[in-house]
Structure formats: structure tokens, C-alpha cells
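Per Swiss-Prot, the features are as follows:
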| type | residues | note |
| --- | --- | --- |
| REGION | 1-23 | region 'Disordered' |
| COILED | 120-276 | coiled coil |
| REGION | 201-235 | region 'Disordered' |
| REGION | 360-441 | region 'Disordered' |
| COMPBIAS | 385-395 | compositional bias 'Polar residues' |
| REGION | 455-480 | region 'Disordered' |
| REGION | 499-617 | region 'Disordered' |
| COMPBIAS | 584-594 | compositional bias 'Polar residues' |
| REPEAT | 710-740 | repeat 'ANK 1' |
| REPEAT | 777-806 | repeat 'ANK 3' |
| REPEAT | 843-872 | repeat 'ANK 5' |
| REGION | 1447-1484 | region 'Disordered' |
| REGION | 1544-1648 | region 'Disordered' |
| COMPBIAS | 1544-1562 | compositional bias 'Basic and acidic residues' |
| COMPBIAS | 1564-1576 | compositional bias 'Polar residues' |
| COMPBIAS | 1584-1604 | compositional bias 'Polar residues' |
Amino acid sequence: MATDGASCEPDFSRSPEDAAGATAEAAKKEFDVDTLSKSELLMLLSVMEGELEARDLVIEALRARRKEVFIQERYGRFNLNDPFLALQRDYEAGAGDKEKKPVCTNPLSILEAVMAHCRKMQERMSTQLAAAESRQKKLEMEKLQLQALEQEHKKLASRLEEERGKNKHVVLMLVKECKQLSSKVIEEAQKLEEVMAKLEEEKKKTSALEEELSAEKRRSTEMEAQMEKQLSEFDTEREQLRAKLHREEAHTTDLKEEIDKMKKMIEQLKRGNDNKPSLSLPRKTKDRRLVSISVGTEGPMTRSVACQTDPVIESSDHVKKLPLTMPVKPSTGSPLVSANAKGNVCTNAALVRPGIDRQASHGDLIGSSLPTVPPPSANRIEENGPSTGSTADLTSSTPPLPNNAAPPTVQTPGVAPQSYSQASPMHSLHSPCANASLHPGLNPRIQAARFRFQGNANDPDQNGNTTQSPPSRDVSPTSRENLVAKQLARNTVTQALSRFTSPQAGAPPRPGVSPTGDVGTYPPVGRTSLKTPGVARVDRGNPPPIPPKKPGLSQTPSPPHPQLKVIMDSSRASNAGAKVDNKTVASPPSSLPQGNRVINEENLPKSSSPQLPPKPSIDLTVAPAGCAVSALATSQVGAWPAETPGLNQPACSESSLVIPTTIAFSSSINPVSASSCRAGASDSLLVTASGWSPSLTPLLMSGGPAPLAGRPTLLQQAAAQGNVTLLSMLLNEEGLDINYSCEDGHSALYSAAKNGHTDCVRLLLNAEAQVDAADKNGFTPLCAAAAQGHFKCVQLLIAYDANINHAADGGQTPLYLACKNGNKECIKLLLEAGSDRSIKTRDGWTPVHAAVDTGNVDSLKLLMYHRAPAHGSSLHKEEPESSIFDLDRQGEESPEGTFKPVVPADLINQADREGWTAAHIAASKGFKNCLEILCRHGGLEPERRDKCSRTAHDVATDDCKHLLENLNALKIPLRISVGEIQPGNYGSDDFECENTICALNIRKQTSWDDFSKAVTQALTNHFQAISSDGWWSLEDMKFNNTTDSSIGLGASSVRSITLGNVPWSAGQSFTQSPWDFMRKNKAEQITVLLSGPQEGCLSSVTYTSMIPLQMLQNYLRLVEQYHNVIFHGPEGSLQDYIAHQLALCMKHRQMAAGFSCEIVRAEVDAGFSKEQLVDLFISSACLIPVKQSPVKKKIIIILENLERSSLSELLGDFLAPLENRCPESPCTFQKGNGTAECYYFHENCFLMGTIAKACLQGSDLLVQQHFRWVQLRWDGEPMQGLLQRFLRRKVVNKFRGQVPSPCDPVCKTVDWALAVWRQLNSCLARLGTPEALLGPKYFLSCPVIPGHAQATVKWMSKLWNAVIAPRVQDAILSRASVKRQPGLGQTIAKKHPSQGQQAVVKAALSILLNKAVLHGCPLPRAELDQHTADFKGGSFPLSLVSSYNSCSKKKGESGAWRKVSTSPRKKSSRFSSPTWNKPDLSEEGIKNKTISQLNCNRNASLSKQKSFENDLSLTLSLDQRFSLGSDDEADLVKELQSMCSSKSESDISKIADSRDDLRRFDSPGNNPAFSATVNNPRMPVSQKEVSPLSSHQTTECSNSQSKTELGVSRVKSFLPVPRSKVTPCSQNTKRSSSSSNTRQIEINNNSKEEIWNLRKNEQVEKPNK
């Protein structure tokens, strides 16, 4: 706005007169007010004010002038002084006012205009001034802001300078540090180099050390083998000497026995009849004893020793280590000590060999205590003589146990760990040395009993009485009573022992121990005639109270029972070892289902009669010390633990090792509970060592009143001891309370049931005893019997309506107790009776908890699966093991199947007071089997938490954690599919569409990422496993996820993945977890589909055929690049399959690019003509007429089986147009109808051919240069490893994804089939019959059946008879019958072979069969011999071959390389054995191949010419010899001889297969010209190409070959280079090349090209001849 105003502002700086001109000029002149400064604005303002004043003055002047003009105008109008004025007046007055205009400008109007303009300008100036003032204010404010910003800028600039200074400092420091670090890096690099150098040195040293170590290991293994051999010889010799010694000892003993007999007879005659009765008994028993001593060191002795020396000792640590620590020493057995020391172990060293050196006894370990034993009275020695069986007269001396293996008081563990001196005499009781010399078959217990009862009659006890026993609670004896009892016992034992002269093997006692024995207040255990006056003696009628909670304490001896014969039954099991597992310390006899069962407990008592003299029982009392559990405890069928009241623990648990023995005569055994070791029990042991209380003898003999406690007590004792006779006598008395309970509440029925006396239980139940009478802890007889496992007692009690669900005070039911102790027969009976499984104890435990807590799988299975019969309580006797067996079997076969559990889920998940379920217990204790059974129950809740919020997984061991993690895991097979394979499609009959590679475990917590990784990893592992070299498991192989396998397959080869029927891709996620997804969709398998030809890929072809992907892609590139490709190789090399798959891949690629494509197949046979081929080309639009424009369609033509026709005849006319495909180079072809026309091949035509022939020959070689050839060699990839990979994949599929171990029979069978294929081809190549070579196709059908190697051998025999043998036969005949005309180069097999040819064929088949096929067969020799007859030609005698022609080898030949006939040793004039070529070679040029095998650095051109001349002359002489009727099989026979003469069978596969071996079979040593220099292996050898060794070939090479010759190879080239340019080398070069390990590769690698080269050269040189 200011500028607008200024632009119109006039300049009034002029004089007022010029004001009018100024207005005109003002428009032109403009001012820009905005550009003026303050001073200029002020000046302008003052000028304007001056102008305004000037205007005012002008206005006033103008007003004055106007006045004058007005007056003049008004009044001077008519003045005649001025004529002009008069004219003006007249003018104005003449016309109207409106029409007239003034003659001059009116000054007033001008003034008014000027004034109006001034007003406008004034207004404008005022607005401009106001704007200028506002701008001025704004400018002032901006200046203030600018100043502030300048100050801030200064501050920031200063701060920037400071920061720059700091940064400069930091940069300098960093530069300095960089320099330091770079110097450090250089130093570190130097150090690293030094360290690496040191590391290399160390590695070299380490490798050297490893080699030395391996050598040392080898040496040490050889030494060990030698030592083992010597040791075995020494062992044999020792056994022989020992047997001899035994015989001598037996003979000596017999002689001594005869001497003793004679002496005693003489003494008897002298003494007369008076002394005869007193001597007869000792003599009789002594004679028996000596007879038993005679063969004391033979085999069964070790069994008896093991019975006695191996009890598990748990109560005292120092006794634990005793049994095997000290060998028996002969010094312990001097006759004096043995006769006097009752505590001695081996008391008759003169007659007894001192024990067994491998078995140490308890008594051997107490030598320190022996000298302290005072000698006994002399009458003992007189009576017994040198008694081998005399033991210390301890309170528990050896009882008569005629049928058991050792004295039953093997309770040496019962010694409390108070002091060793107390325990040691106790050990002396049970030394095996006392029995070591006894009769080997006669039970050592019987021997011990015999000697005991003969020898201890007069031993004084501590009171001076000649009694065997210590003072017992009811003993106030007189000598007469003691003598009566002992005499009765002695008579009984004598009668019993007279029945046991035959050898007996007995089950050992199971030693028991009470760990709570209170020993400190008692005198030493071993009372060897020492007076112990501190022992309290109790009157006969006042028995001490039975210790609480210890039922069944024996307080009376049992009455006599005559069934001692039963002891001999079933020659008891010799399983006398001691199991050390807290449950059974001695193994039960094999004839019993239960270790604690009483043998014949039902039958024995029925025939007992009290009229017989009483027999000694096994009531063996213990010293008042109470430290050792008596024999009663040994025979006790079960004992309660001392710590816990009632039945909370099994009899065999850790706290109670009073283990029941196998008792042979039930009624004469008095069980005693473990409480006999408790305090206060010292005088409660009743019976003397003979088993009879003297005060009880009159009662039993006369029927008078027993001087014991009351009848109820006696009733309980009889029931506890199983004394059926006494029990029946007592039950017949009137007024007897059969339900009387002792202070523990134990009734007679309870004691009998607890100890397993079935007959006593039956008697008491028939007498109407209370069946459910409970003790003070609430346990009934059924509880006791179930806890102890006495299932017959349980059966009886259930039959008498015992309460099967009775719960004790702690809530334990009989079923709970049976489960707690693992008594499965009792569990089964209780369940069949309808016992409730869900009753809980006070702690909240059910029977399931109890079964799981002990880890008893059978108990748990019964609880979960055993159904109660429909008819209720079943008491029928069944096989006790049958249901368990069926259960196991069904459980294994179908864990979730038809065998469903009968317990509800609530019971399985029942928690105790701590919140622990059965699964918690099983998992925490590591009972994996129990946890597995629980997991099979569908209702198990593994996630249930205890009161500490822990699941079963939280408390589980590692094994159980793994089980729980996989509890609900889905095992889904992962399969690889290659799509549909058309049946019979070009050799793909043996290919499989799908292969199972593994099973994926999908858990509940598995995420999709984990699942995707698992699938990818499984695929990668599988591809690498099938392409690896050896049988390595997936765990052993270090797989790399990033790299593809050696066959080129990897995760990128996958086209799609389907989960069941739902498509899925790696990395894809669904809303559900994989576990839920699989369950919901019921996905039974995961299928991975590989990319195939339909997608333009070859991955599925690679996986199907096991040809590496890189090679297939290379073949495809060759076809696309060269358009004309022929695949050739031995028959069965999958040529047709490869060509067809490549064609399919190309077709789909072209179609994807928008082209139409067609595949045309033509199978060529002998009648296929060139005209037919022309028609084929024309009809398929490959050949296009010249006038016609080319088509855009792509055509792929496959010509199969070209070997059946002549290549030159069939394809000869097409070679030029195929190479030059354009209309400019047409060719005239004649159609099948006879018309001819010009055609050309267009660019979009691809031609593939297949030839099932190892090499070309003759005129067919002309075709070679016009095609690109792909050679499929049997000894080179892809064929070499194809069979191995294919069979490995087959095995992996058969084992459902697992790779079996290398020692698995399946692996050995597959390796054998693979070796057969390789060895066959190796031998056939060596025999010079390449047309018989086989590709791997025939071996792809090898059956893989685990456990049936015979099937593979049968398959091999069929393959041999149908394919291999006919081909070999034809090839051998064709080679042995070459046409007589030279130069034709064709072989024709004779239709009627001569006898010599037939013999050669048979020999060749037999040698091939033995060397290549049967060698290495995994079947045993016997089975293999049965299958040998199935192979054709296997019966030919090889001796005929070896004797066909004498062919000696030279000394220079190494053993590893059987180089027979590998070098030319004959001149042409003395060519005695002809050289045979392959059938596809002419006779010419063959010698040259063997002579000029290597490129020697000598005149190549000269040598070339000479070699051909040599060659032709040799061949001519050969043909002349044929025409003379030579033996044309000699050559083959010599080669066969060389194959036979190889020492090692496997040498066939190692024999070098070089070209000379294919064709040279002359005998060595016949060529003096060449044999002069045989030993110069260092001839310079030039190589054009070195063929690499494949891994298989390298392993096949012999170790004895020369290492320096590994690189020797021949020229390998696809170009037609004449082989004759190679110089003929001297003999030494020939030798070195023949021993090179590359010979094996070279035969097949180069045979075809070289043959072609030969042919071309021959054809060039033939006209020159």
C-alpha cells in the first residue's frame, strides 16, 4: 500500500507557480518509500510540511485574486476599454448558458481541482505515514531479535570452537591408538603364524604318534591274542591236572577209608561185643563222612560255597566286605587246630583241600580270633576223629538240614556292627571250607548236619552240661534229659542221612538279618566253650513275653515228622547265588513259583505220625547275645521289619533281611521272627541245636502235659512254626481258645497265615477260627498272607469269606499290602475276588501308588488291566503266569489297542497328602516302565500339580522326562514322493514312487517354526545319508544344513508339502499348533513332493534314479546345446530312462516358454531301415521341404536301442544335414514310397539316441564325430555310485527312515550285492569280454528283507542264471571263436562249440561264480553250500583250469597284483599263445595296445610306425597259427588260471584292469628279449591326463602296491588321436605300468575312444601295406 501511495505522489518541492505542471509530472516520478532510511523519511516529512504551508499561502493568494476577478467580471463587464472583453461578453450573453463555454480557463475551477487533489494526496500521505510508523516499530523489534540472535550465535560459535578443539584431541588420540592397535595386530599375526607353524609341527608329531600308537595297538592286540591263546592252553592244562589231582585224592581217600575200616574192625574184634553198640554209630557216620570227603574239590562244591558265602549283608558295614576278600589258606587247617578249635573253619586240612581259591568264606576272615579259643574236652576228638564238619559250639550251631545246601544259620549278617571280634566266630559257623571237601553231589547242609549230630554230643556248654544248645528259656536241664534229647536227635539224623548217599543239589538258605539288633548288652556271639555266666536263665514255666509286633516267635519245638524223603524231591535248583537287590538274597528254587513258598507244604504233614522217633528240627537257638538271627529266622517264611509296626514293609524290604528259605520239610522248621535280635529277646530262643527242648521230649513221647506255658501260647507257636501234628493235637483238646491273641494281637491263624503254613491255616479255619481277627495294628490274617505273598493261604482265607477290603489302622488293605510287596499271585486272587482298588490309606495312597512305588510292573499291569470274573470270586487254579504273560504281550503289541484298562481316570490321577499322583512317584524314582503303563491310560493327567505346584515332568528323571515329553507326541511318517512313475517306463520298474524317510515327533508344544525346521532338517539328513559313503547313522553324521547333499538334493528341491491332504509350505503357520492341526485333520503322513520334469526340474529324477543332479543338468545342457546326443554304456545303464526324463524336462520347459513341444519315440531293431527313419523325421516335422517355411514347434526324437542296427547305414546320410541345419544346405532323401525330395533339418529339432553297448566298432565309428556322446561307464559316475545309493535308499525306506548299523545283516547283504556287481564287471573286463558288462539296472531289484539273507541269495541265483551266465557264455564263446580271416574285426560265436570251448566257458563261469559272486556272501558256509547248486556252472572243478597249461609266474611279481600275462614276452616268430582281443576289435593293432601302454619320452613318431608294423606282423603270425588249427582257448585258459591263482579271493576286484589285461594273456617268461630288464621301475612317464581315482576304486586297491605309481595313467581324449603314436616301451616300463593302481580305472574309462583311434589309424595304414 505504501508503494501505491508513493507512486502517485507529486513533487511539491517546486514553487507554487509550477503546481499545475507538478501534477502532470508527479505521475511520472515515483518514490519508493520502503527504501528510505529514517533520516530521509524525516527530511521528507519536513518537506511535505513545508509544501503544505506553501499551499495554504497559494490558496490565500488565489482567493484574493479571485475576489478581484469576480468584481471585475461582475462590474466591469461592460467596460469598453478592452474590445476583447466586449466580444467575450457578447459571446457569453448571446447564446444559452448551457451551450456556451468560457473563452479562457476559469481559475477557480483550476483551484478547486488543485485543492481536491491536495486533499487526496494528504489522505494518502497520512496512510503512508501510519504504515511507515508501523514498519518502523516492526523494524525496531526485529533489530532487537537480531541482536539477541547475534549474541547467541557468538556463544554457539565459541562453543563450536571448544568442541572442535576437543574433537581434534580425540582424533589425535584415536589415531595414536589405531597405530598402536595396528602394531599389535601385526605382532599378533606374527605370533599366530608362529603358533600355526607350531600347531602344524604338533599335528605332524601327533599324526606320527598316532601311527605309532596304532602300530602299538596292533602289536598289543597281537600280544593279547597270543596271551589269550597261552592262557587257554594253561587253563586246559590246569583243568587236566586238577582232574588228575582229584582222582588221586579220591583214590587216597578211599585207601585211607579202607585203612580206617580195617583198623576199626580189628579194634572191634579186640574189644568184643560190649563196646560194639557204642562204636557202631560213629563208625557208620564217619564212614559216610569220609566217603563224602573223597571228591570234595569237584565242581558242585562251588555251588555250595556260593550259597554260604554270598549272602547280602546290610546291617553291618564291616561284614559286607567279608565274603570275597580273603582266600582260603592252607595254613588254617592244621589237624591240631582243626580238632580243637570249634570256631575254626576248615578243621580237617589233612583230608580236605583248603577250600576253593576263588571263594572266600566268612570263617577265613577270622583268623585273629582263632588262637583265643580254648581247647574242648578230649572226648570230642575221640568220638568224631578229625571231624571236618565240627563247628564251634555256638548257640546257633549247625542244625540238621539234610536237603539244603548249607547250614541254615547263615545269619552271619545278623551280627550287629558292634565289634569285629563278636562277628568273627559267628562267621566261622558257615565257612564253606567245612563243606568244601564233602561229596560234590551230597548237599553240604546234610554233611554239616551229619557231623554236627555225631560230633557234639559230649560238648560241654557254658554250664558244664554236655548239650549242644545254650541255656534256653525253658531249660533247667539235667544230664539225663539232655542225653535223651541228643540221643533221639542223633538217631533221627542217622536214619535220615542214611537215605542221602546219592548226590543232592540243594537250594541255599536265604540269609536274613535284623538291622535293629541291639547288641551292646550281650556277651560275644561265638561261644566256643567260653563261660558266659552273665546269661540269664529262666525257669521252664515262665517264658519271657514275645516282643511286641513280632508274631510267630517260635517258643516250642515242633513234633517229629517222618517225611524226610521229600527233602530229596526234584533235586533242587542249583541257583544258589545271592541276589543283592534288597528283595531276595538267595534265589528261590527253580521248581517253585515263589521264593518263599514251602515245598510240598500241603502233602508233607498229612503223613506225619508221632510214633516215629523225633527228628531234629531246624530250631537253631542263638547265643543270649541275640546278635545273630537263628535258624528259625532263616526258615521263617517272612518277618516284619523292626522299625515300623504292622505290615507296612515287605518281608524282603531293606529293613528286614530275614529272608525265607526254600524249606523242604515244612513241619520240622520253626520260623522265628526277626525280633529275636531285639533287646530282651536273649532268653526267648527255645530250642537246642538238635531241634528239641529236653523238657518237651516226655510230652511228645508219652502224651503227658507239657511243662511249658499255657496251651494258647503253645497253639500259637505250633501255628507259627507250621507244626501240623502238634497243632492238630492241640485243636483236639477241649476248652482251648483257638482265637487267643498274644499281647500284639496275633492269633494262631494270623501267625500261620503270616508264615505261609497252608495246612495249619486250613486246620484252624476248619476249627472255626475267626477269619478276620485283627492284631492291635488292625492287620488280619489275610493282610499278613497277602503281604508275605503266601497266595495259597490267601486263597484259603478268601474261600472262608475273609474280608478282602479290610483296612488296617493305617488304611492298608490286603490288596495294598500285596501291591506294596509285589506279590502278583496274591494281587490276582484279590482282584478276582472283587477287591476294591480305590481304597486309600491314611497317607492318601491307593494300591496303584504302592505298586508304582516299588516299581513292580506286573503288579501295576494287574491293577490296571485285570478284570474280575463275571461269576464273582474265582478260586479256580490257573497258571500263575499266564495272565501276566498275555498282558505283557498285549501291552506291547497294542499299547492303546484292544486291551483297555479297567481302572477309572480318577484312580490313576488320585493324589496323596502331598499332592503326588502315581505318575509323580514313577517319574521321580525313574521307573520308566511303570510310567509307560500309566501313560497308556487315556485319562492320565500328566500336567496335574502337587502341593508345591510341581508336575510329574518337574520331578522326573531324564529318561522319564523324555517319556513324558513324548507322551502325547504324534509320530507321523515323513515321506518323499516323486509323483507318478509310469509302469514299465524305460527301465523304471524298480523305482518307487514314495519312500519313508523318518517319523516326526510332533509334541503339544511344537511350534510351526520348529516343525518347519524339523522337516527341513529331516530332508537334509536323509539326502546326505543316502549319498554318503558308509553306513552311518544320522546321529553319527555331522550334517550341514546349508549345503546340498553330494547328489545335489536339498530343501530347495521340494515342490510342495502336504500335511495329510492339506497343502503346506515351509515357514507357513496356521492358527492351530501343529499338534492340534494334525489331530484335527487326522493327518497320517507328511508327503514331500520333489520338483520334477513337469516343473522343468530334475530333482525327482535324481531322487528316483540316484544320478547326481549336476550330471543330469549337464546332460540336459548338452542336449540343448548340441541338439544331437547319444547315450551309450553297458546294457542296463538306464540310457533309455535318462533320455526320456531329459526329453520330458525339455518339453515342459519349452511349453512354459510358450512353445509347443512333442516327444517322438522310435525303437530301433535289426529290421529298422533308413527309409523308415526318413518317414519318421518327415512325419514329426524334423525334416522340412526346402520350399516350406520352418515351423515354430519343438520336436524331440528319441531313437532307442541303436546298437541293434548299423549306425553308419542308418544315420550315414543324415550326418551332414544334422550338422548344417539350414535351407541353404538341403539334402535329397528318398521316402518309403519311393519318391525323393530335398529336405533340411530345422533348428528346433533335438535328436537323442541310446546304445546299450560298451564301445563302438568298425564303420560305426564314422558316426562318432557328428554326435555328442555321453558315456555311462560302469566304473565311473554316475553309474559307479548309483547302485550303492539306490540300495542304501531302499534300506532306509525298509527301516522306516533309520540307517541300520554297518554290522546289520541287511547292510552286509546289500554290500555283498554291490560287491558282486563291481567284481563281476571287473572280472569280465579282465577277461576281455566288454559286451558282457552289466549296468546297475539288473541289481536295482535286489530284495531288502531284514533277517532273510537267503532271499537275496536266491534272487542272485535267478539273476545269474537268467542274465549273467548267458551273457558271459556268449561273450566267452564269441571271443574264443574269432573268424580265421584277418582284418574283418567281427566275432561270431560258433553254433556248435568244441569241447575245449565248452570247457573254457564252464571254467569261466565257475571262476566268476566263486571269485565274484559267492565270495563275500554273508550267509554261513553251510547255508551257502546249499544255495551253490542253484547257480548255473557252479559245479565245474577248478583243478582242471589250473592244470590246463603249466604257467609259472616270475619272481618279480608281487603277491597283491597277480600280473599274469600283462606284458609282451614273446617275439612274433615264437608266438606260442595267441593274444585275444575284445570281440569289437579287429585282430590288428592289439599287440600295440599292450606294448605301448604308456607315453615314454622317446621318438614318438618313429615308434608309432614301428609299432604298427610290429602289430601287423604279430597279428599275421597269429592268424597263420589259427589256420594251422591251434588251440584257440589257450589264451583264455591262461587268464582264467591267473584269476584262479590269486591267493586272496578279493584280489579279483583289485586286479588291475588296464588295457593290456584285457587283451594280453601270454605266459610270462617266454620272451628273453624283453625279460632282460624287469626291475627298473623308474622309467620316465609322461601323462597327458590322469584319471582320478574314485573313492571305491581307491579302497579296492591293494596296500602292497607301489605308492610311486599312483599317478600313472593313459591318455584320455574324445578326439580321434591315434594310439599308435605311443612308443613301445621296454619291459621295465611295461611292468611298472601294469602294477599301477590306475590300471583298474583305465580299462573302461578309455577303452572306447582308444579303440576308435586304433581303427581309424588302421584304416589309414592298411592301403599302404
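Placement of Cβ uses the backbone N, Cα and C atoms for every residue, glycine included.
Mean pLDDT, taken over the repeat 'ANK 5' (843-872), works out to 86 on the 0 to 100 scale. Within the same chain, residues 650, 810-811, 813, 815-824, 827-828, 831-834, 837, 883-884, 887-888, 891, 899-903, 907-908, 910-913, 918, 921-922, 925, 927, 929-930, 933-934, 937 sit at least 6 positions outside the repeat 'ANK 5' (843-872) and bring their C-beta atoms closer than 8 Å to a C-beta of that stretch. Assigned with DSSP, the residues of the repeat 'ANK 5' (843-872) fall into helix, strand and coil as follows: 17 helix, 0 strand, 13 coil. Across the region 'Disordered' (201-235), the DSSP tally of helix, strand and coil residues reads 35 helix, 0 strand, 0 coil.
In the repeat 'ANK 3' (777-806), the DSSP tally of helix, strand and coil residues is 17 helix, 0 strand, 13 coil. Under DSSP, residues within the repeat 'ANK 1' (710-740) fall into helix, strand and coil as 20 helix, 0 strand, 11 coil.
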